[in-house]
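Taken from Swiss-Prot as is:
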- GLY172, GLY173, ALA174, GLY175, VAL176, GLY177, LYS178, THR179: ATP binding site (BINDING)
Amino acid sequence: MRTNPTTSSPVVSTLEEKNLGRIAQIIGPVLDVVFPPGKMPNIYNALAVKGRDTVGQQINVTCEVQQLLGNNRVRAVAMSATDGLMRGMEVIDTGAPLSVPVGGATLGRIFNVLGEPVDNLGPVDTRTTSPIHRSAPAFIQLDTKFSIFETGIKVVDLLAPYRRGGKIGLFGGAGVGKTVLIMELINNIAKAHGGVSVFGGVGERTREGNDLYMEMKESGVINEKNIAESKVALVYGQMNEPPGARMRVGLTALTMAEYFRDVNEQDVLLFIDNIFRFVQAGSEVSALLGRMPSAVGYQPTLSTEMGSLQERITSTKEGSITSIQAVYVPADDLTDPAPATTFAHLDATTVLSRVLAAKGIYPAVDPLDSTSTMLQPRIVGEEHYETAQRVKQTSQRYKELQDIIAILGLDELSEEDRLTVARARKIERFLSQPFFVAEVFTGSPGKYVGLAETIRGFQLILSGELDGLPEQAFYLVGNIDEATAKAMNLEVESKLKK
């Protein structure tokens with residue numbers, strides 16, 4: 001007990017109730033902390049360092065216990081910069097892992113790895129929190145049925161369908177429409193599935209995170225007037241953060257998504273941009289903790305770390321988390337341990353093509369490079385499978401003929417090949433689609449196309465029933481009826497010009 005000098009009444013020191021340690025060593029973002037005998041914190045416990053530095057600036061650093069070294073010493077990794085910390089400073093063991101706010105209060109807000117809002121919009125309701133370290137759902141809780149997650153985007157639903165509760169790799173360079181595709185998926189899941197989305201920015205540029213936030217506000221995905229009506233929560237741990245924050249920010253985003261799945265029983269989209277940076281941060285932390293590196297300098301625990309994240313992303317009987325993960329491939333080497341370990345968990349890949357983007361075909365999803373384990377007759381049905389295969393065959397034949405066309409021209413092709421080229425060009429244009437989130441930029445109203453409508457449209461093109469329509473009628477339309485209506489309008493316009 002100690003006495004408060006202003007009231008002379010006895011008050012209990014809050015520090016006396018806490019498990020206190022002291023900093024023994026600081027090496028970059030890694031701290032060694034000594035605790036009293038018998039008072040050692042558990043692995044993954046959060047430690048708080050609070051105080052003032054030599055110039056009187058307030059310090060508030062949270063660390064996570066990674067190793068128990070013996071002699072009452074633990075090694076922890078800081079979640080923020082360790083500037084100003086000194087040996088001998090007091091460290092408080094919180095007695096639990098990092099916990100972050102979850103639920104509806106998180107929608108429309110930006111958080112850091114600790115679940116603190118960083119968007120200057122005031123505090124967040126923290127009555128409901130959840131620890132970021134949790135076990136994956138037990139096998140008995142899983143929903144093991146194969147079911148398609150309809151996105152309303154023609155090229156995705158037809159050629160590389162997403163699995164409900166699956167994991168999708170999103171491959172694409174800068175400026176090919178990755179962000180717009182992500183925002184459209186967020187918009188469509190909210191409208192068609194009544195679901196919400198969580199975006200985890202892992203180790204990417206701060207500017208990109210800010211741009212995404214601004215574009216989401218412009219497109220209405222984040223509702224500025226009524227934040228509670230927003231469709232997405234954002235969690236950022238960007239490039240300038242210490243490796244501990246970048247390694248854990250994916251778990252923070254996943255924890256928020258799990259609450260929507262397990263408690264609200266919703267379908268959730270979880271975006272991770274970029275999953276490679278999660279591995280990279282783990283590699284940095286592993287080296288700082290003194291572990292022996294494995295192949296290509298990666299951490300020896302690479303598969304375990306990846307599995308602990310990916311196995312929590314799944315469908316249960318309550319709801320589902322469908323994850324779309326941007327994958328950076330270092331030096332375009334698909335055999336690098338980081339992307340190779342990621343591929344083992346993916347159900348589908350969506351590859352964005354710069355060639356298609358240059359032609360103005362949006363979304364610029366490559367129909368030949370994008371794949372899905374769901375595209376099997378027993379899962380999607382014979383009709384869907386046959387249509388998708390014929391679309392791919394026609395597109396592949398057109399690709400093979402392009403060199404001949406460039407050198408000799410269309411006239412040198414056989415009648416059959418000319419017909420194939422004409423249909424392939426219609427298919428290529430029909431794979432484009434106006435997006436709801438791009439309305440403010442293009443002026444064209446967005447279109448959600450159901451799977452049955454998508455299949456019917458491509459079957460009509462492949463059957464030759466629409467051979468007489470001009471190919472520009474198929475560009476940036478929703479279903480096939482819009483294409484035929486557009487063809488009639490084009491015909492009327494051309495007659496009026498004459």
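For all residues, glycine too, the Cβ spot is worked out from N, Cα and C.
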Cβ packing number for GLY175 (ATP binding site), 10 Å threshold: 11
Sparsest-packed among the binding-site residues, when each Cβ's other Cβ atoms within 10 Å are tallied, from GLY172, GLY173, GLY177: GLY173
Which listed residue (VAL176, THR179) has most other Cβ within 10 Å, given these are binding-site residues: VAL176
Where THR179 (ATP binding site) falls in three-state DSSP terms: helix
List of residues, in chain order, with Cβ under 8 A from that of LYS178 (ATP binding site) and at least 6 apart: LEU170, GLY172, ALA326, LEU352
